[in-house]
Amino acid sequence: STMRKRKTTDSPHSSTDLSEGKEKLRLKQEVGLISGVSLIAGTMIGSGIFMSPEWVLYHMGSPASSLLIWAACGLLAMFGALSYAELGTIIKESGGEYIYILRIFGSFPAFLFAYTSVILVRPAGLAAVCLSFAEYAVAPFYPGCSSPQVVIKCTAAACILLLTIINCLNVRLATSIMNIFTAAKLLALLVIVVGGVVLLAKGQTQSFQNAFENTTAGIGAVGVAFYQGLWSYDGWNNLNYVTEELKKPEVTLPRAVMIAIPLVTCLYLLVNVSYLAAMTPSEVLSSGAVAVTWGDKVLGSWAWLISLSVALSTFGSSNGTFFSGGRVCYIAAREGHMPDILSMAHVRCLTPSPALLFTSAMSLIMIISGSFTSIVNFFSFIAWFFYGMTISGLLYLKIKKPELPRSYKVPIIIPIIVLMAAVYLVLAPIIDQPQIEILYIVLFIFSGVILYFPLVRFKRHPRFLQKVTLHLQLFLEVAPTTRDAN
């Protein structure tokens, strides 16, 4: 199929004038280079680096091979982000994978992505990060015992509600919070890095002697280790979700990627080295939360700083996830794949508040039900399936549409490597350890077919929906928006 032409006239669900002769309502371009770097780095650095190292080491079997996995994950995230940066300079619209799949492959696969992402993937990811924030935030109040689940869930719900208020009020406020929390978590990681350097200088290098001993070579084990590592790098594509809100996207997008991802990769490697300097591999494996164990060993009475840092880190990460996740819902609605109300923006705050409220509601349902854990475990499976589809779209454009204007080009070998990695990451768990949950996920994705044909293709909308939309519009003080005319 050929690349879909963008509409030159505004459709009823995508844009409209607030009144004749007045300026059209649109989201503000508030995200500069520093905020862009913060959005990528701030979302990537969540709970993963404080929790995943023991699992990467467990599956790989040796310190050196686990460090290689962390480096390889960083390289893969970098290659993926550079490929997305070219897509972002060709298709200058917000929405990430959704908008790229829509413009390249058409309406049906884009709807399946939006349906899966808006209903399941984004809310589940946000709920998981907020629960992990709550776990660390309430832990100091229950010393020596596990925190009650009801307290953790209430704290996670409060976190989501606070993020909803912040993101609905002001884009600049949300990005400022992102910048502050990114700085705080970078500081926490630097404390761990400096602690590691001091330990290495004192000669604590026993973990690095015969560092490749007991390395696991199985394809399945390497694939699972990659999943654990890549969970910590998730968020490398977040800036593509807010392209329309970037200042000079053709410059800001590639630059932010080139600054943020190498920075995070270097920090992750140094933090892992610090963990291994403070603890033997067996101590890392037996640790429930490797960063907290590191704090107890190295910081002594100041160990509480690590728990605080993890709480701050996960809050900042959930803010970034919420900021970008709400945009997918908003863009999908603007293109007619979700109810019209979700494509509207607040008339004064100029934020996509209905889409943010919907994402918040879905996340709260997942926190209350608590039945999303098995789905979150297969988050990477869904993510890399759609990453692979998006990257194959870029390869199609590079080969079939080389004349399209683009201010940045990535060498073709890079998206080819990312596509091969995506195919491996999707197929490895199915071939190595087929599980029934993967079948459930595939069935959920294709259950979107039932909704697509009556509601989107043939536009058979119930009559009462228009009245509901109008009442919600008045209640929420929102109006339809126009896309940026880039």
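Every residue, even glycine, has its Cβ placed from backbone N, Cα and C.
Model, not experiment: these values are computed from the prediction.
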Looking at 97-118, 207-228, I want to know which stretch TrEMBL calls transmembrane segment.
97-118
Which one of these stretches, 31-52, 64-85, 180-201, 256-278, has the most C-beta pairs shorter than 8 Å to the transmembrane segment (409-431)?
64-85
Using Cβ atoms only, state whether the transmembrane segment (97-118) and the transmembrane segment (256-278) have three or more pairs under 8 Å that are 6 or more apart in sequence.
no
Intrachain residues whose Cβ lies under 8 Å of the transmembrane segment (378-397), provided they are six or more past its termini:
3, 80, 83-84, 86-87, 90, 97, 100-101, 104-105, 109, 113, 116-117, 120-121, 124-125, 128, 227, 230-231, 234, 237, 404, 412, 415-416, 418-419, 421-423, 425-426, 429, 437-438, 441, 445
Using Cβ atoms only, state whether the transmembrane segment (180-201) and the transmembrane segment (256-278) have three or more pairs under 8 Å that are 6 or more apart in sequence.
yes
Restricting to the same chain and to residues at least six past its boundaries, which positions have a Cβ under 8 Å from a Cβ of the transmembrane segment (256-278)?
33, 36-37, 39-41, 44-45, 49, 53, 63, 66-67, 70-71, 74-75, 77-78, 81-82, 84-85, 186, 189-190, 192-193, 195-197, 199-200, 204-205, 207-208, 232-233, 236, 239, 284, 290-291, 294, 297-298
Region pair the transmembrane segment (31-52) / the transmembrane segment (298-317), three or more CB pairs under 8 Å:
yes
